Amino acid sequence: MPETYEPVLLVRKAEQLRKSTGDDRYHAPMELQSASFVERLEIVVARPFKILFLEPMLIAITLYMSFIYGCIYLLFEAYPVVFTKGHHLTSGVSSLMYLPLPVGGIIAVVVYLLLVNPRYARKVEEFAPNPVPPEYRLRAAMVAGPLFSASFFWFAWTSFPNVSLWSPMMSGALLAFSIVWIFLALFNYIIDVYLFVAASALSASTVVRSIFGAVFPLFGTQMYVKLGPEWASSLLGFISLAMTPIPFILAKYGPTLRAKSKYAPSLPPLKLNPPV
């Protein structure tokens, strides 16, 4: 993949000029920068969390993605309660109930590549030479958010022992499909919004997301045993439903928030059409 980062391209051009001309005075701005260890430490460690705490857009996205990420790991505690204890399957057979998850994820990637990417490519041509507003990245999340909530309600109210295990099992396909679309949309949105500090924004989001992923399994079994699979899954469904408007809000108010942001370059406000 060719390098596209302009400061690095300038460094390479300066190196070529020094080599071809023998003149050591050619230097790119990046080569002239000098930072102390403390300054570099601040950039690497402090800046990601400074961006996170100062950016409402990043806070909202991080909380949404972290909750979803925690739910993924919580399922490793929920499935044994539903299928091993509820349907009296052996541990080996119960583990097969996870199969729809990778299937749904694969389908999500294929559909995204065949449907979403070509539409975005047309937007790139439409807005050229200007960049496509980041809000267009949110459309996949606007579609997948309600599906994520629906998958938990599906799993919740078909997890009774007297209901065929195929129904809660297949809800995993819709769950994985929606997760992949939400994550692809929001990862791309963060990158498009924060551009030169995207690595810092992503790293801060990843740290918080990993904490959720580590914590959720700690209470998963207790929650599913005490509340029952139906209401435990419904609780997750209601929480995710409350977070579903986040991409819609960012699609509407994103340009205004970016204009006020210290880290996100702003573009002229644009009215987006509903996702189709």
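Counting begins at 1 with the first residue displayed.
Including glycine, each Cβ sits where the backbone N, Cα and C put it.
Fair warning: this is a prediction, and the values are worked out from it, not measured in the lab.
Annotation comment: TrEMBL describes 57-76, 96-115, 136-157, 169-187, 194-219, 231-251 as transmembrane segment.
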| Annotated stretches the transmembrane segment (194-219) and the transmembrane segment (57-76) touching (3 or more Cβ pairs under 8 Å) | yes
| request: Determine whether the transmembrane segment (96-115) and the transmembrane segment (169-187) share at least three Cβ pairs under 8 Å, counting only pairs 6 or more apart in sequence. | output: yes
| field | Distant-in-sequence neighbours of the transmembrane segment (57-76), which means Cβ under 8 A and at least six residues beyond its ends | value | 51, 101, 148, 152, 172, 175, 179, 182-183, 186, 189-190, 193-194, 201, 204-205, 208-217, 220, 236, 239-240, 243, 246, 249-250, 254, 257-258, 261, 264
